[in-house]
Amino acid sequence: MSAFKPTIKRRESTKIYVGNVPVGGDAPIAVQSMTNTRTTDVEATVAQIKALERVGADIIRVSVPTMEAAEAFKLIKRQSSVPLVADIHFDYRIALKVAEYGVDCLRINPGNIGREDRIRAVVDCAKDKNIPIRIGINAGSLEKDIQEKYGEPTPEALLESALRHVEILDRLNFDQFKVSVKASDVFLAVEAYRLLAKAIKQPLHLGITEAGGARAGAVKSAVGLGMLLAEGIGDTLRVSLAADPVEEIKVGFDILKSLRIRSRGINFIACPTCSRQEFDVIGTVNALEQRLEDIITPMDVSIIGCVVNGPGEALVSDLGVTGGNKKSGFYLNGERQKERFDNEYIVDQLEAKIRAKIAAQDPKNRIL
């Protein structure tokens, strides 16, 4: 890793807890996703939650649209070790039911669950059971009067909607909440979050909503979330993709890793390849990414196909390989080793070295 250290001054915010996961304050930025199974299919939903846990999800959101889904949530919660957020709209009784079943956070907008007495019932329940709330504002579902006032979604419209819901919780003396102001347009979302960051002290959940498929959505999220994170804004994040939710977690950690905010697993530094490559760099990287998905200890590994940039990258990596004729140079902790790798077996050899180094320095294979 380069000795250059970026300076990111984190926005000050209050700290809340989603289950056992701290959010805001000086807590690590949490990465979360959302199940896309039918919640009433308990087996499928639990299986997806387990898959998300394996790739490092800190928090997982589950849609609970009906009382039938609430009953399924009870069974799902029993089989989950990661904190679960129940996504609820309109029916306050569902919020009360999942609270009874041990939900770790409620994703509701207080203003859309009806009369003041219903809002108070949910908030009082959240107070009694120490359950935080996430206010989730979306550019596609702003209140009618705000739509009419602004004509179209604007940063100011998203802010006004958010503050309207915040005011309800303030009036009920409830401060254990976080807020999101999502939009599918990067600049709209970024500016809305900037305004919100100045207006309240609560933690902010970041997201570019409906970002798109795996490739386009990852790029859009990286740009938008990266802008905010580099400014110190954000306490949790979700990369919203029309893809397997597991990919959301992987991309989320990749974004944090690229900004050196939080690292998980191997950071591969690999060249795009050209005719100088002495071994199959692309195939090597792809194979190692799959083989080493179980690794959560942060580590920089450079895989460069020739001697032009290879030695320089290897000097600032934990492990490095520099392409050579039939055999490639191997670097450990920035120092060239006498040992060389046979290019034909470079994947097996490099995997063994990575696992040996991790076993020596971090037997518990931990996440930062």
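Placement of Cβ uses the backbone N, Cα and C atoms for every residue, glycine included.
As the structure is a computational prediction, the values presented were derived from the model and not from experiment.
Feature annotations, courtesy of Swiss-Prot:
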| type | residues | note |
| --- | --- | --- |
| BINDING | Cys271, Cys274, Cys306, Glu313 | [4Fe-4S] cluster binding site |
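Report note: the [4Fe-4S] cluster site is defined by Cys271, Cys274, Cys306, Glu313, and the residues of the same chain whose CB lies within 8 Å of the CB centroid of those residues, excluding them, are Pro272, Thr273, Arg276, Gln277, Val281, Ile304, Gly305, Val308, Asn309, Gly310, Gly323. When the binding-site residues Cys271, Cys274, Cys306 are compared by the number of other CB atoms within 10 angstroms of each CB, Cys274 has the fewest. Cys274 ([4Fe-4S] cluster binding site) falls outside any helix or strand according to DSSP and counts as coil. Residues within less than 8 Å, Cβ to Cβ, of Glu313 ([4Fe-4S] cluster binding site) and separated from it by at least 6 positions along the same chain comprise Ile269, Ser302, Ile304, Gly320.
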